[in-house]
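Taken from TrEMBL, the feature S-adenosyl-L-methionine binding site covers 73, 96, 97, 129, 130, 149, 227, 228, 229. Positions annotated as active site by TrEMBL: 152.
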């Protein structure tokens, strides 16, 4: 018998994973304990595991090139894949709590690297709880962009503490963002959109981008189209609510 049986989880024509084999619950409790390795500090993040072509040895963050973009709750990786070719010189990583979804994104990136030699080497994904471990992955002022696309709304008031945008968590995001760095948020839930905008508006270390800046930013155009959630909203004729803010130095 042949030992080279086709892998049903991989699309034979594209070499990419089939999403239906990696489906998981849409929502996870970010406050529950999960079991996965977490680096002790940003200096313990092994870049050779995430970007093997760029860091062939077990180089860590003692290199001058570091991760600059973080997609928090990256889902199936649509935004990451789009950003990878738009910013080919920028290291970026997706942070996802669900294990099956994280595995899908890993396989998707590996498949794209094989099918497109030299491309998608700057993008990776890690299974982690970003609400707990952001400081374990990034140094002060390391990031230039953070993305929070269609996060879990946690509708019940008692569960608002689980929301990934909150006054407390914005303190952490402000710490890892460089001055001038940008937070991008989008949702199709109006109440959550107002919540995220209010949190950012009331935080002393963030200011909104102007309409002119939003129109000139190529990433803003991807917020509605790059992700599975955004595409679903568009198909259904739904409305989205964005809040895009810049990290600033607070007035003394």
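Placed from the backbone N, Cα and C atoms, the Cβ positions cover glycine too.
Remember, TrEMBL labels are computer predictions, not curated facts.
Fair warning: this is a prediction, and the values are worked out from it, not measured in the lab.
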In whole Å, how far does the CA atom of residue 130 (S-adenosyl-L-methionine binding site) lie from that of the residue listed as 'active site'?
13
Using a Cβ-Cβ cut-off under 8 angstroms and a sequence gap of six or more, which residues of the chain neighbour residue 227 (S-adenosyl-L-methionine binding site)?
75, 76, 78, 79, 149, 150
Could you state the CA-to-CA distance between residue 73 (S-adenosyl-L-methionine binding site) and the residue listed as 'active site' to the nearest Å?
9
Same chain only, sequence gap of 6 or more: which residues have a CB within under 8 Å of the CB of residue 229 (S-adenosyl-L-methionine binding site)?
75, 149, 150, 188
Is it possible to get the count of other C-beta atoms within 10 angstroms of the C-beta of residue 130 (S-adenosyl-L-methionine binding site)?
25
Please give the greatest C-alpha separation between any two of the S-adenosyl-L-methionine-binding residues 73, 96, 97, 129, 130, 149, 227, 228, 229, in angstrom, as a whole number.
21
